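> This is the structure I have questions about; it appears just below.
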Amino acid sequence: MRLLHLLRPALSIIPEVQEPRFPQPLKVKVLITGITLFIYLICCQIPLYGVYRTSGSDPFYWMRVILASNKGTLMELGISPIVTSGMILQFLSGVGFIEVNHSVREDKVLFNAAQKLLSFIMAIAEGMAYIWSGAYGDINQIGAGNAILILLQLTFAGVIVTMLDEMLQKGYGLGSGISLFIATNVSENILWKSFSPITLSTEAGTQFEGAIINFFHLLFTKQNTLQALYYAFFRESAPNLNNLLATLFVISLVIYLQGFRVEVPLASQKIRGLVSSHGIKLFYTSNIPMIIQSTLVQNVYFLSQLLYKRFKTNFFVKLLGTWQEAEFGGQSVPIGGLAYYMSPLRDVKDIINDPIHAVVYVLFVVFMCGFFAKFWIQISGESAKDVARKFKDEQIKIKGLREESMVKYLSGYIPVAAFCGGVCIGLLTIVADILGAIGSGTGILLAVTIIYGYFETFHKEKYDNQSIF
């Protein structure tokens, strides 16, 4: 008996979204995707009941945009449980600890059920860790009853996120819930930092948080135009126009690189003369390496802050990471240990002040993104062997090649594209952070690749359905 078979008795109690009996028309998919997004946004605004306080250091602060989470609300954990559970199971599957054949329907059902069950468990575990860390106040202050209520709310929200993601992935909507929530959160953050009407008191007088609104405000209120432009482009207390221009530059660069691909000519074995092509993109694994790398860093950050808050003098805890309160915002920032060397570079000054940190961080991000990209194609069914098998099952062959030569031909492109794409994603993230792009380099890269993927999916669906209406 294999490990997955132990889940058979639990299948009846694990919630599941049934696959649609018929392909959904595009207008229905767009409607359901919109409803899913509306539910997510509503959950982002519903505060947790029983919380004593939500101020103070936030363990998820640096990753909230990427995790599509919102502090003090039902979306406190965001997509962290489902991404972490997927990463764990894919790793166990890749190393052979869990045997799964995705071409066998029962294995696919059991694997999906295992991922959902683990995501529920992760939501409970992360919720308990959050409560124990004092994020909502001391346990003695909030009481056991409120602590249980908070845990139930976080677990319920985790279930909702998991089911919404499954509903979209099974064909009721476009893309996946994870991608939709990340893209929404990142886009919302960029728009807010550009047009926020909140006023700030600075040494130069009252300014607006939004970079664009502040630009026009300074032009109309400052008598010295050069001084107004200086504050609009170079202020450090809030987003400036340089940050916005850096964001636009990175977005344009990612869209440009999305067009790099190798077209593999295909010929049908069923219909003579029917030819087509299979595109192998530079970003072959899309944003998967960055999502996995970000989730890994987020979990290290969370564990490190949790332990450091309780055991500051322990040698091994300090080796994992030491933290201190930031000058602005009241958030903790890593200043030593493993967490520090995994923290992103904020600008060129960070490179000059600590070149060792810069070198270690660049090598870490590039290596992990490249490694996860190559590892992902092996466990996700996108390797050269898997693609060649799909061609064979669909009675398609690469033009000018025999069936036995297809794997060798694809092996010359797919692993290279996956690794180079992962490295490029990592380097683009570092460049975006150094240039000061709004939000974070990781968030922008994820948002652009996700929205570009939605654009391609929408056009494919529109072509297949001929019309949205």
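The backbone N, Cα and C atoms fix where each Cβ goes, glycine too.
The annotation transmembrane segment is assigned in TrEMBL to 30-52, 77-98, 110-132, 144-164, 244-262, 282-303, 358-377, 407-428, 434-455. Feature annotation from TrEMBL assigns domain 'Translocon Sec61/SecY plug' to 38-72.
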> Is it true that the transmembrane segment (77-98) and the transmembrane segment (30-52) have 3 or more Cβ pairs under 8 Å, skipping pairs fewer than 6 apart in sequence?
no
> Check for me, if you would, whether the transmembrane segment (407-428) reaches the transmembrane segment (244-262) - at least 3 Cβ pairs under 8 Å, residues 6 or more apart in sequence.
yes
> Pairs of Cβ atoms less than 8 Å apart decide it: which stretch in 30-52, 110-132, 434-455 has the most with the transmembrane segment (144-164)?
110-132
